[in-house]
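Colleague: Please find one structure pasted underneath; my questions will follow.
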Amino acid sequence: MKLRDSLAENNSIRLQAEANTWQEAVKIGVDLLVAADVVEPRYYQAILDGVEQFGPYFVIAPGLVMPHGRPEEGVKKTGFSLVTLKKPLEFNHEDNDPVDILITMAAVDANTHQEVGIMQIVNLFEDEANFDRLRACRTAQEVLDLIDRTNAAA
C-alpha cells in the first residue's frame, strides 16, 4: 500500500489539528485509521505502551513523528494517516522536538513496515523543503499533490 493511495482511499489526512498533548496528537492519527477500518481502537494504547517501554521511539526527524505499533496490536490492514498540528508539541525527544507533523503507520507485517512504510516517508522528506511545503498545505488535495510531485521527481 502506497502512502498516497492509503491517505486518499482512507480519507486519513487532518490538517492544522489542535492538540494539547502528544498523546492527544497521536490519538487523532490513530482515530483516522480506526474510522477507515485499518486498525482496531486498541492500537492507540499499544503505541502509548511502546513509548512507556522504549521512550519516544517514533520521533524520527526534527518536527516529524511516525507513531506505529506492532502488527499483532490491532492492525487489520496496512495504512497511513497524516496529521499536521496548528501548534507544535513536545514529544520528549532531546533532538527533534517540537513536533507538528505526524504520519501514523499500521503495517500487517515487519517487512511491509520496513520496506514500504519507512522508505516512503524517507522519500517524501528527502527534500527538506517538503517539511515546510507540507506545513503550508490546507487541503487534503494539496497534500496528495505534494506527494505526487515528490514521487514524480524520484
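Including glycine, each Cβ sits where the backbone N, Cα and C put it.
Grabbed the feature section from Swiss-Prot, which reads as follows:
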- 6-150: domain 'PTS EIIA type-2' (DOMAIN)
- H68: phosphohistidine (MOD_RES)
- H68: active site, tele-phosphohistidine intermediate (ACT_SITE)
Colleague: Would you list the DSSP helix, strand and coil counts for the residues of the domain 'PTS EIIA type-2' (6-150)?
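Modeller: Output for the domain 'PTS EIIA type-2' (6-150) reads 69 helix, 32 strand, 44 coil.
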Colleague: Averaged over the whole of the domain 'PTS EIIA type-2' (6-150), what is the pLDDT?
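Modeller: Its mean pLDDT is 93.
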Colleague: Once the chains shown are all counted, how many other Cβ atoms turn up within 10 Å of the Cβ of the residue listed as 'phosphohistidine'?
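Modeller: The answer is 26 other Cβ atoms.
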